[in-house]
C-alpha cells in the first residue's frame with residue numbers, strides 16, 4: 001500500500017474511532033512496522049491534523065464546542081491521585097494532560113486523556129511514576145469542561161485542598 005493511501009486510512013480510522021489506536025494496531029492493520037506508523041503520524045501532524053499521543057495510542061484531538069479548556073494548578077500526594085481524577089470525572093471534566101515545571105528540563109507534559117472511571121482504573125493499574133513526584137506534588141492539569149460544571153468542580157477541588165496555593 002502506498003504511503004499516501006495508508007495515511008488517508010489512518011486519519012479516517014482516527015476520526016471514526018472514539019478510542020485511542022496504538023501504533024502497533026495500525027502496524028498490524030497495514031502490515032508495516034510500528035516505526036513506519038510513527039513516521040506517518042508525524043507527517044499527518046505536519047499536514048495540520050491535530051493528533052495527540054496518549055499512553056493508549058493516538059487520538060484526534062476533539063473537544064466538544066460546549067466545553068472550555070482550563071489550566072488548573074494542583075498539589076497533592078501520590079496517594080490522592082485517584083481521588084483527584086475521580087473529582088474531575090464526577091464533574092464531567094476531560095483531563096487532557098499534566099505538566100510540571102522541572103528546574104533543568106523546563107516544562108514536562110504527559111498526555112492523559114482521562115474521561116471515564118474506566119480510564120482512571122487503567123491509569124492507576126499502570127502504577128505510574130507521576131510527573132508531580134519531581135515537583136513535590138505541584139502540577140498543572142489542562143481540562144475540558146462545560147462552563148456550567150466548572151464552578152462546582154472548583155468548589156469540590158477546594159474542599160479537598162487539591163488546588164495549589166502559593167505561600
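In case you wondered, yes, glycine gets a Cβ from its N, Cα and C as well.
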* With 76, 139, 141 listed by TrEMBL as binding Ni(2+), identify the candidate in 84, 148 belonging to that site. => 84
* Asked: Taking each of the binding-site residues 76, 141 in turn and counting other Cβ atoms within 10 Å of its Cβ, which one has the fewest?
  -> 76
* Within 8 Å of the centroid of the Cβ atoms of 76, 84, 139, 141, which other residues of that chain place their own Cβ, given that this set defines the recorded Ni(2+) site? -> 72, 74, 75, 80, 81, 98, 132, 137, 162
* Asked: Around residue 139 (Ni(2+) binding site), how many other CB atoms lie within 10 A of its CB?
  -> 26
